[in-house]
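A short worksheet on the structure shown next.
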Amino acid sequence: MALHDENVVWHSHPVTVQQRELHHGHRGVVLWFTGLSGSGKSTVAGALEEALHKLSVSTYLLDGDNVRHGLCSDLGFSDADRKENIRRVGEVANLMVEAGLVVLTAFISPHRAERQMVRERVGEGRFIEVFVDTPLAICEARDPKGLYKKARAGELRNFTGIDSVYEAPESAEIHLNGEQLVTNLVQQLLDLLRQNDIIRS
């Protein structure tokens, strides 16, 4: 990764993060959903965004597949590319947090080091790790994109959970049982956001 030129200086905005948060009526944070493919990350994140939208919370959902259509379309699935994928998403999420948004991200993000990298970039108190913990057998049975079948057949290499490791969070802010109903999981997340005074509605 290239270092920026010494003449590139960070520009401070006249409108502060606190002013933006006051305008939105809630704090800016990242909810980082992590888990195996098929664990329900995107489904739960989407349902939570819908619930937050109904509460007039300003949100944005960054989904793993979607960012690879544009922002990260040049990246593959090597360890180096996966790390760069997460770094870019972390930078975008951080900018959105500074805009006062509640940012939801749904990425396998299999390595603890990359998730920690984003946590440090965003800052403590503004990064909520959400572990959607679903057994591999359940994820494989769901297999919404047919990826596990391809991985088992040897047609897809470096697939997380099959021939590439997933490092489960050791101390996520919230640990969700991915076999529960989505409505139950959304309620647990809303309760967490209220308990941490991120949203008040």
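Placed from the backbone N, Cα and C atoms, the Cβ positions cover glycine too.
Listed in sequence order, the residues of the same chain lying 6 or more apart from SER109 (active site, phosphoserine intermediate) and placing their CB within less than 8 Å of its CB are TRP32, THR34, ILE86, ARG115. The active site, phosphoserine intermediate annotation in Swiss-Prot covers SER109.
Among the features that Swiss-Prot reports, ATP binding site is placed at GLY35, LEU36, SER37, GLY38, SER39, GLY40, LYS41, SER42. According to DSSP, SER42 (ATP binding site) is assigned to a helical segment.
The ATP site, placed at the center of the C-beta atoms of GLY35, LEU36, SER37, GLY38, SER39, GLY40, LYS41, SER42, has further neighbours from the same chain whose C-beta lies within 8 angstroms: ALA106, ILE108, VAL132, THR134, CYS139, GLY178.
Taking Cβ-Cβ distances under 8 Å and a sequence gap of 6 or more within the same chain, the neighbours of SER37 (ATP binding site) are ILE108, CYS139, LYS145, LEU147, TYR148, PHE159, THR160, GLY161. The Cβ neighbour count for SER39 (ATP binding site), using a 10 Å radius and every protein chain shown, is 27.
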